[in-house]
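According to TrEMBL, the feature domain 'Helicase ATP-binding' maps to 225-391. For Cys450, Cys453, Cys490, Cys493, the entry in TrEMBL reads Zn(2+) 1 binding site. Taken from TrEMBL, the feature Zn(2+) 2 binding site covers Cys459, Cys462, Cys477, Cys480.
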Amino acid sequence: MPDTPASAPSIVRVAIDRPLNRLFDYRSPPDRDVRPGMRVRVPFGPTRLTGVVMEAGVTSEMDPGRLRAVSEVLDATPILPDSLRELLGFGGRYYHHPIGEVVLGALPPALRRGRPLPEAATPEPLWAVTEQGHRALADGAVRGERQRAIVAALADPDSAPGGRLDRPTLAGILGRRPAPRELERLAERGWLECRPPEHPTDVPPEADSAAARPLTPEQQAAVDALTPGEARPLLLEGVTGSGKTEVYLRMAERVVARGEQVLVLIPEIALTPQLAARIQARFPGRVALLHSGLAEGERLRAWASAARGEARVVVGTRSALFTPLPEPGLIVVDEEHDAAFKQQDGFRYNARDLAIKRGQLEAIPVVLGSATPTLETLQAARQGRYTHCPLRTRPDGTAPPRIEAVDTRVHTPDEGLTSPLLDAMQATLAGGQQCFVLLNRRGYARTLACDHCGWVADCRHCDARLTVHAGNPRAVCHLCGHHEPVPDRCPECGAELARRGLGTQRLEQALARHFPQTPLIRLDRDSIRHKGALEEALERIRSLDAAIVVGTQMLAKGHDFPRVGLVGVIDVDQGLYSVDLRAAEHTLQLIVQAAGRAGRGEAGGRVLLQTGHPEHPLIRGLDAADYTAMVRPLLDERAESGFPPFGHLALVRVEAEDANTAETRAGEVATPLRRAAASGVRVLGPAPAPRHRVNRRYREQILVQSGDRRALHATLHQARRAWEGLTLPREVRIALDVDPVSLA
Ligand code: ADP
Ligand code: ZN
Ligand code: ZN
């Protein structure tokens, strides 16, 4: 840092929430010690903005006399520690996103707007069901849907493994925030009791069943592989039920016992309330939960309690990665393969990848857990950059079932269902077990078409077919949400229209016809639209014996269902043949995740996969017990094409309201990329995006590819400078996606 002459004013460099690729210099008040990581109010044009000081005591290129002064210092001490500012700086450079938006975006909205950091939080009290409450629940005396849902969630060892939850965790499980008064009223009736949270040093955690049991040798090996202070990432690969969560918990216990904090990242809270609840049960009163379902004040309090070191374990979705931890010891990324870790707009970061960077910066280990790790992660483990700890056996001794293909060329499906699948379902249901049927497409029918003249119902705003939805019948665009009434007749020739292809609603109807006596539950985004619907459905599935559950990828996620005897997979061929970068990988992940649902009980289980291509090498290689072997052909393919993990990609997308503008401007955007391209960097395009028009905007894209990450970033960096000199119409947008998940 250059010395500042004593007489010269002290200058600070500030990040502000504007899409500009730079920090701004201000004179800091003479009487205050303004340090990096503190928030300030600064004049910006005619307004004042909240900013975060990134550097202090700097010399400015500008004449100090002309610099404006900081208006107000908002924090007495820095709220963003050095390591986190460094992480955000890295994130801004790596994803080529304006630093101010990155830094301000990492703060809870309340802090972004300048609200003060709350004083030391009073920890959330824990709620538990009393003896009387258990009896009342059993006798049906707890009336009122909402009341019953609360008492049932607390009484259920699946959702509340330690029998006690705080209000934010309960909110995650219920899918709504119970008011404090609701809980108090239940306590007044004698059904609930409110216990003060344990003091942070209070050691023995409430034991759930697994906590008391010894780890399997593989689990123990994974826990022991974690070396304090060693930043090497660890891949914990294991099928559902292999005991990954238990490994996280034991690791966390060690870390917390050392006086350090743990950060656990999960893809989404609604689909995985069990994990949050288990952590809460193991560390009562010491967990901060951060997810999008929180009210602003709750979010701020949770963030502050982590930042002050009160919360010892922080559980949260993507953006929780940016929570300050004064004593970090471990980061866990659960379901690391999940695309929800990648932000798809604005600052397009991948929280999994930035978690690894944070681990390096803080010198702490990062554990990536999955039954189906990404090819990137598997390759890093193969090369020895990550420690690889497989969990091949489940503690309960069950193994994931073999995946059997049903050839749809031999067994023609009727409304999606083949006779071998129907027979297997019959047998499973007769044995008192459940059948899960996976079809990754919601709605009733995929398209609406005229067999007479060939007319097809398209979205008027997108290059997409309209999907027919039953119930309140509508034709819906899954890209932009546009919907319209379903026409009876062809608007071109007047002939009757055919509903083609299968969605979950139609499959549900077909299954209801085949199994009229069996309880049938549908799980997709439409069926869980209203609050609490998901929890209700999950509760029902857990409470039933023989039942059929039909749904999208949602039914392959998170939850633990003990009585699934059969998993049927309806139609995945499209995914295997799609040209999109990760379509085949995602399809295999989906099949294996779904297969993991089956056979958790003593009776074992079956997985039937309906396909028209049983000879496809990926189908032939399906083996839920050895995911690494199964994806080897995909890795070979990627190696050949120089795609990740063997090369690096960035996607530049140019959008405009009409096709011509998009095309010309994309050309202007591509030119500096070509000029800047170092050797070994390929610039492909511009070309219309696979979905050319979405939501009334036309999209052109340019793919930048290189085997050399540094060369790729140098190219992007230079091109970005040149783009700043382009005068583009306001409506034209350039978006840069580094390490894109999809090229569609
Ligand atoms: P995953 O996270 O891989 O799905 P979990 O950690 O949830 O696996 O474990 C699956 C089930 O096995 C849970 O019911 C858990 O309580 C139990 N379990 C985990 N580890 C052990 C163990 N060492 N001994 C006995 N049961 C265990
Ligand atoms: Zn027609
Ligand atoms: Zn649309």
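Numbers here mean position along the shown chain, with the first residue as 1.
In case you wondered, yes, glycine gets a Cβ from its N, Cα and C as well.
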Mean predicted confidence [pLDDT] for the domain 'Helicase ATP-binding' (225-391): 92
The one of Cys450, Cys453, Cys462, Cys477 whose CB sees the fewest other CB atoms within 10 Å, among these binding-site residues: Cys453
Binding-site residues close to ligand 3 - of Cys453, Cys462, Cys490, only those whose C-beta is under 6 Å away: Cys462
Where the C-beta lies under 6 angstroms from ligand 2, the matching binding-site residues among Cys462, Cys477, Cys480: none
For the binding-site residues Cys459, Cys493, the one whose C-beta sees the most other C-beta atoms within 10 angstroms: Cys459
Cβ-Cβ neighbours of Cys490 (Zn(2+) 1 binding site) (radius 10 Å): 21
Count of other CB atoms lying within 10 Å of the CB belonging to Cys480 (Zn(2+) 2 binding site): 17
Cys490 (Zn(2+) 1 binding site) versus binding-site residues Cys459, Cys462, Cys477 - nearest by Cα: Cys459
Additional residues around Zn(2+) 1, ordered along the sequence, whose Cβ is within 8 Å of the centroid of Cys450, Cys453, Cys490, Cys493: Asp451, His452, Gly454, Trp455, Pro491, Glu492, Gly494, Ala495, Leu497
CB-centroid shell, 8 A cutoff, Zn(2+) 2 site Cys459, Cys462, Cys477, Cys480, site residues removed: Arg460, His461, Ala464, Leu466, His478, Leu479, Gly481, His482, Val694, Asn695
Cα-nearest neighbour of Cys459 (Zn(2+) 2 binding site) within the listed binding-site residues, Cys450, Cys453, Cys493: Cys450
Cys450 (Zn(2+) 1 binding site) and Cys462 (Zn(2+) 2 binding site), Cα-Cα, nearest whole angstrom: 20
Spatial neighbour of Cys480 (Zn(2+) 2 binding site) that is closest, considering only the binding-site residues Cys450, Cys453, Cys493 and their CA atoms: Cys450
Cα proximity to Cys477 (Zn(2+) 2 binding site), best match among binding-site residues Cys450, Cys453, Cys493: Cys450
DSSP-derived structure type at Cys490 (Zn(2+) 1 binding site), helix or strand or else coil: coil
